[in-house]
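Worksheet: one structure, shown below.
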């Protein structure tokens with residue numbers, strides 16, 4: 001199955017944005033020698049760790065990349081299970097795309113200043129955001145799901161846009177009619193364009209990196225990194241402590257040897273040894289004293305280094321404690337905000353359903369009233385025509401004899417009845433107009449209530465974003 005064209009294009013755009021290759025890449029096959037990956041790793045850590053690897057054969061380069069992914073990407077599955085070394089060696093494009101995905105994820109997590117995502121066009125940002133969101137949601141089963149995700153065919157563009165703003169794949173957040181709404185999705189409900197509230201396109205990459213899910217994952221990554229640094233420092237300190245103990249033992253042994261030589265020297269002096277033998281003993285003694293001083297100096301250096309290590313570990317412990325406290329505080333605040341947002345969402349959905357039903361009922365009544373009014377107006381027009389005809393006849397009757405007037409008296413009574421019926425209809429029409437105005441007023445009130453509910457959701461969303469920003473700081 002071929003790879004997903006839009007996602008591959010987005011990954012290549014991100015690789016080109018790192019500025020590690022002289023010419024922009026246009027195809028995944030240009031990554032086969034893995035040198036671009038190594039340069040990206042070098043740029044991420046700002047070290048020269050991978051420079052020497054660039055001069056080595058491809059298997060050694062792949063081994064270096066595997067080691068980096070195992071050490072830094074921190075997934076449940078080992079890197080060699082997720083990305084096959086043999087497939088990288090064969091230049092398989094799916095394996096190359098996997099490495100690019102993992103490096104994009106690690107760079108986004110580890111980089112304190114992720115850069116200006118607006119240098120990418122909106123469609124590329126959408127695809128990069130969907131890749132990050134997919135890795136976040138599938139860390140436990142990335143090995144099974146990453147390949148189908150990278151191979152998934154794009155859906156028709158006319159139906160691919162959802163309320164979350166992402167294209168050509170399942171939406172990152174469901175519509176708000178679902179009761180069980182995930183935290184990230186609630187946070188993003190009103191951040192993207194909808195059919196009712198048009199807005200200008202936002203930055204999908206900037207939005208997803210401000211979500212609580214991403215910020216919590218970044219804090220956890222920092223905690224793991226600090227914990228590993230602390231463990232490495234503790235191991236180094238233990239090794240230095242061992243060296244100090246060994247030097248102390250050597251000093252003790254040398255001091256004992258010096259003491260024995262001093263005693264032997266005194267004894268030999270008493271025995272009046274030859275000057276030559278005395279000179280040899282003196283030279284040995286001076287040599288041992290020099291070695292003792294050198295060992296003592298090394299011991300002092302190790303003790304100084306150990307004190308520095310102790311201070312560094314103490315500082316890291318304090319920072320680790322602060323991060324842990326901040327993480328717990330953010331998690332607690334997010335739980336409260338999520339609960340409030342779930343309640344507001346449920347109330348909003350209920351109000352929406354009730355308002356839609358009420359609006360349909362009012363519109364139905366309004367339609368019926370308008371139809372009734374229209375029928376009455378038509379009937380009035382007909383009756384007015386008859387009245388005009390009868391009035392013409394009455395005008396002619398005034399010129400006729402009394403006998404003829406008596407014969408048409410029935411028409412006069414029919415005329416009077418028509419006038420009364422017309423009067424009864426223009427009144428019914430007034431009542432219908434009043435009912436129409438009342439219905440219009442109810443519709444306006446209903447729309448105002450819906451707008452207030454939407455504003456309340458917006459205020460809660462901004463509060464949630466502010467809390468996430470505090471966690472990032």
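Even glycines carry a Cβ here, placed using N, Cα and C.
Any TrEMBL annotation is an automated prediction that lacks curation.
Taken from TrEMBL, the feature coiled coil covers 278-435. Feature annotation from TrEMBL assigns compositional bias 'Polar residues' to 441-451. Residues or ranges marked as compositional bias 'Basic and acidic residues' in TrEMBL: 452-465. The domain 'Nuclear mitotic apparatus protein 1 N-terminal hook' annotation in TrEMBL covers 6-153. For 152-175, 441-473, the entry in TrEMBL reads region 'Disordered'.
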TODO: Quickly jot the same-chain residues contacting the compositional bias 'Polar residues' (441-451) by Cβ under 8 Å, restricted to those at least six beyond its ends, or write none.
DONE: 351-352, 355, 358-359, 362-363
Task: DSSP residue counts for the compositional bias 'Basic and acidic residues' (452-465), split into helix, strand and coil - done: 14 helix, 0 strand, 0 coil
- [ ] Over the domain 'Nuclear mitotic apparatus protein 1 N-terminal hook' (6-153), work out the mean pLDDT and round it to an integer.
- [x] 84
Open item on the list: Per DSSP, what is the helix/strand/coil residue tally across the compositional bias 'Polar residues' (441-451)?
Closed with: 11 helix, 0 strand, 0 coil
- [ ] May I have the DSSP-based helix, strand and coil counts for the residues of the domain 'Nuclear mitotic apparatus protein 1 N-terminal hook' (6-153)?
- [x] 105 helix, 0 strand, 43 coil
